[in-house]
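In TrEMBL this protein carries:
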type	residues	note
TRANSMEM	12-28	transmembrane segment
TRANSMEM	40-57	transmembrane segment
TRANSMEM	77-96	transmembrane segment
TRANSMEM	127-146	transmembrane segment
TRANSMEM	166-186	transmembrane segment
TRANSMEM	248-272	transmembrane segment
TRANSMEM	292-313	transmembrane segment
TRANSMEM	361-384	transmembrane segment
Amino acid sequence: MVHWVHLLLKSSYFYGLVIGVSNFEFDWRTGRIFTTARSTLYAIVNNGIIVLLLVVYMHGGSDFAARLFKANKLNEYVVIIMTGLRIAAGALTVFSRWSQRCELKKLVRNVISLVQAKPQLLQMSRWGILIKIFTGSVTDLLHMAITFDQISVVESRLFVGLCLQFWMAALLNLALSQHFLVLLLARAQYNMVNTELRQVIDESRHLSNHRPRNGTLMSRCCHLADKLEDMGKVQSKLQAIISQLGEIFAFQGIMVYAGYYITSVGGCYLTYSIITNGIEKIGLTQTNIILSFIWCFFYYLDAIINLFIVLNVQDDHKKMMRLLEERTLFASGLDVRLEETFESLQLQLIRNPLKMEVMKLFSVTRSMTTAMCGSLITHSIFLIQYDMEYF
């Protein structure tokens, strides 16, 4: 039933090797993580080409903004900042894959062991995987189409800059997809734990209100206590994986949020410039404009998917805490070990709260996202007003 899920994951895995995101190999079936001369050498050559393109870009290929956005200097500066940030984020992704190679291997090993212990996680996550791969693939394909369309209106020497932009965006997009996949599997595991916890709480409440014979009560309570202990171990492992994921993707996370912010502000301003100045004065083709607006739709759809998986994992963690609070409604008389196990699991969640932070600068929450959107609108208006006053 999940054969097509394995096919999608395998395709993404080989795609990562091709574009230079991955520099080691692993086997889903055995859980073996290994480095080979082939994967290492290919990654070195691949990333070496990226470094070479960066050098060429810095020495003459970076002035394509002046060739495309001809309305005024502010247009040019905005595009340079947007593209520069995108390239910097991609380059940082490549660097982090080498500097954190050992940590990434440990993370992949932990995730594979999680899936091997509960194979149904892939079945539960299949539609999330499909949607994410679809939006990510469409975003990359549209970016490629925009790149090829821009080639027709720029000089051949600027081709390197356009290709480098696409490559860096593809690198970052796949890294985000890997981040999404880990959180998606973690959320599926949280859902399983919460379902089992709901069953344990319901049975414990029933035992407390309808006490059977002492022997039966003791055996049922011990069985439920064992299940709670297993849930505590799984939750602890899940939280360790999420914390490890946050540490590995820390720098990329700040670049991604900066990229979304700058792209949104710059996109609003450039849309205003296109409306006020016209396509011809901006220096873009009608096809390029249409492709860009379609790309924006899928780009922000992908961003929303990335955001909601982070928020949903936090919601599932909070749901687990709310379920444990129901133990106060139990009648007295349950086995001491079962009550202590409930208390131990609740204290575990209280002592180790789940925090989804970006480099410990800010937490990813709904209130933070709302504040960020408000700031984005403010700066977009400010940039448009600056253009109206000085250009």
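Yeah, the Cβs are placed from backbone N, Cα and C, and that goes for glycine too.
Between the transmembrane segment (361-384) and the transmembrane segment (248-272), three or more CB pairs separated by 6 or more residues in sequence fall under 8 Å, so the two stretches touch. Under the criterion of 3 or more C-beta pairs below 8 Å, with sequence separation of 6 or more, the transmembrane segment (127-146) and the transmembrane segment (166-186) qualify as touching.
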